[in-house]
């Protein structure tokens, strides 16, 4: 079998990655933890704790939420510092719809780009055309329709959104359960009803039929938003996540290095209560957090994207 790496489009002579390679790169992260870091020192702590990748950004979601204002792509020097500090893959965030930020991140050599609702959207109508890039993209989703639309645009990994920067896992569970529930519902439909389902999901029929036949997304499904403890990570894995993003929950806690290692172990041994109890001991204070229900609707980050 021939291996695909990239293709050059004749119209532009631009090299773009194939879906097989992009999705394969995301597959390599399955079962792991991806941690938000703001300094090279934090990146090293994450790597030493067993993170499969780090997300380089100037402010963790809790600080973005607290400080307000317009949140944009991180400074290239800061991203370079983290890339040079670790040997594991480095992700970075671009604003929804901001294809030039994505072009810059690709030029910097990041391994993955997160088109993220945590940053202030640059376009309230269009997401980035992710097929035009060699680097794979990860995108958030709160339901199956949103996930399928992002995959149609070229996303190689989906993460259920949750509510970033809160330390409240409730929205993460809601979104993961909803995506999984909608997949099961789709798989139970007779084939002639998939056309209507595709219309309702606002997604291509061929992609809807593939999900119905396989019972899963064609890309990796991680979870994110509000995961602050080993138990949170393990619960999300038991609910069907294939890996975990942890943002503010580690470096806003009392003992980041120990908590990072504990969350990695909990993600690996998510179905072993004895291991979970052991790694949950003596972690110190978790991030204080915010109850999602107390956040006004306009300030909920998960509402961004469509």
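Glycine is treated like the rest: Cβ placed from N, Cα and C.
What Swiss-Prot records for this protein:
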type: BINDING; residues: 36, 165, 226, 247, 248; note: D-ribose 5-phosphate binding site
type: ACT_SITE; residues: 93; note: active site, schiff-base intermediate with D-ribose 5-phosphate
type: BINDING; residues: 177; note: D-glyceraldehyde 3-phosphate binding site
Provide the number of Cβ atoms within 10 Å of the Cβ of residue 247 (D-ribose 5-phosphate binding site), excluding the reference atom itself. 29
State the Cα to Cα distance, in Å, between residue 247 (D-ribose 5-phosphate binding site) and the residue listed as 'D-glyceraldehyde 3-phosphate binding site', rounded to an integer. 21
If you run the three-state DSSP split on residue 248 (D-ribose 5-phosphate binding site), which class comes out? helix
Validating a neighbour-count step here. Other CB atoms within 10 A of the CB of residue 36 (D-ribose 5-phosphate binding site): how many? 28
If you draw a 10 Å sphere on the Cβ of residue 248 (D-ribose 5-phosphate binding site), how many other Cβ atoms land inside? 25
Listed recorded positions (93, 177), ranked by Cβ neighbours within 10 Å, top entry: 93
In whole Å, how far is residue 177 (D-glyceraldehyde 3-phosphate binding site) from residue 226 (D-ribose 5-phosphate binding site) when you measure between their Cα atoms? 15
Residue 226 (D-ribose 5-phosphate binding site) has its Cβ surrounded, within 10 angstroms, by a count of other Cβ atoms equal to 30
Could you tell me the C-alpha distance between residue 36 (D-ribose 5-phosphate binding site) and residue 93 (active site, schiff-base intermediate with D-ribose 5-phosphate) in angstrom, no decimals? 10
I'm trying to understand the geometry here, so how far is the Cα atom of residue 248 (D-ribose 5-phosphate binding site) from the Cα atom of the residue listed as 'active site, schiff-base intermediate with D-ribose 5-phosphate', in Å to the nearest whole number? 15
As a whole number of Å, the Cα atom of residue 93 (active site, schiff-base intermediate with D-ribose 5-phosphate) is distant from the Cα atom of residue 177 (D-glyceraldehyde 3-phosphate binding site) by 25
